[in-house]
């Protein structure tokens, strides 16, 4: 095979009814199948080129925009397209044309199918051969397109189509090293298996899977990073010969075979940001064999109330600008309240000291192997904590971990405070009205995440605690604070002062450190 888009020495024949012009054509072993774009319109086409008895070149072209392909055998495919004839400029007759194409080997047959699908879903914007625009695919709307704004998708694919952002993730050695260890420690799950890399990015996870002995890896990537992945994989030929890069969304592409294992890095801030987990679940339903494995297998969102006076004051002070009564002769104070609430609508992304937690954390589990995609549209988590110290509660701290449930080793990737920092950091939702609690007091509430079309979530947080004292025998006075935050617009507080430390009289009841040697870590995170 000369190239992924050219297939020499194929056989083909017409099998259409009623017969189209030239329907009696049958070529055995002497034709060349070429995928490409129309020179004038850029429309994707399959051209079958052969020489006749007089050595004259003949070409049969199939418009892929409305074509379908069906497998007849290991090396045989049926390409069906709709056509119409026109007489005197008037469309007169419509019919379907079916071309049976026979490849030389199963490997070429598989590559032919992949080329058919990739060219069918490709957008040629301008002349053939011009770069494709990020994030655009022709054809009927997929599930991704119906739930995600086109502008958001375009920005998303543009972002991940740049090598500098891929480098940022690759240099997260906690992330990359954990994936590598999870794959290599579970070679038995990969050896001789078919793997699909969902959202392959640079292709690094596909290369890991090939190192672990995968029979074949399909690296599916919708952004322009697919071209970079192809170059990286081609530059590692001993592994790359078992990897096929497919440019497209997992909701739209077709694969020639089912996968034994899916591998992906679909996690965003708070685990669910960017909504790629939904694509991961869709890929499971479309491509994974029954009982197949998923790396990662499950994810957990961890939550605990926190106290951080320094952070609260920092956020509140941001709105002081709007308390000016004479800003070039203008009174800004009418907007102070809105500005104050606006700053508190931003989740804070940073790394914080676990000693700021007011109680042991709880967690909410997402099982990627069984959950439905729709369960990710709205996530409702009840909150119930018991304060370990008496202090002011300034909000809810969140982080996540994921489990690679291999047959040999079960490995966790955690973003917990106190553990090695990742590019995800941790996330905190701040209450504009803090709560006052005493040691042993119950803190209740609700964390409600609602997905939206900008590939993120709106966060609705409610936290409550009872104020004891006069009238406590009747149950006390319930104090409640709420917040509405936008996960897509966080405050990245990556260069911050030392965290606020609780008062000396609070230190005796401090929480155990969230480190592997502590009982709290063992309970929540587990070890190999």
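Cβ from N, Cα, C; glycine included.
According to Swiss-Prot, the S-adenosyl-L-methionine binding site annotation covers 166, 175, 199, 221, 251, 279. Look at Swiss-Prot and you will find 500-520 tagged as compositional bias 'Low complexity'. Swiss-Prot lists 149-464 with the feature domain 'SAM-dependent MTase PRMT-type', giving sequence analysis as the kind of evidence. Annotation comment: Swiss-Prot describes 500-528 as region 'Disordered'.
Sequence-distant contacts (6 or more apart, same chain, Cβ under 8 Å) of residue 279 (S-adenosyl-L-methionine binding site) comprise 144, 198, 199, 249, 250, 251, 266.
According to its DSSP assignment, residue 279 (S-adenosyl-L-methionine binding site) is helical. Here the domain 'SAM-dependent MTase PRMT-type' (149-464) has a mean pLDDT of 96 out of 100. Within the same chain, residues at least six positions away from residue 175 (S-adenosyl-L-methionine binding site) with a Cβ under 8 Å of its Cβ are 169, 265, 413, 422, 423.
Listed in sequence order, 160, 201, 202, 225, 228 are the same-chain residues six or more apart from residue 166 (S-adenosyl-L-methionine binding site) with CB atoms under 8 A from its CB. Sequence-distant contacts of residue 221 (S-adenosyl-L-methionine binding site), defined as residues of its own chain at least six apart whose C-beta falls under 8 angstroms from its C-beta, comprise 199, 200, 201, 203, 229, 245, 246, 247.
Cβ packing within 10 Å was compared across the binding-site residues 199, 251, and the lowest neighbour count falls to 251. Among the record's S-adenosyl-L-methionine binders, 166, 175, 199, 221, 251, 279, no two C-alpha atoms are more than 26 Å apart, and one pair sits at exactly that spread. Residue 175 (S-adenosyl-L-methionine binding site) carries a helical DSSP state (H, G or I). In the three-state DSSP reading, residue 166 (S-adenosyl-L-methionine binding site) counts as helix.
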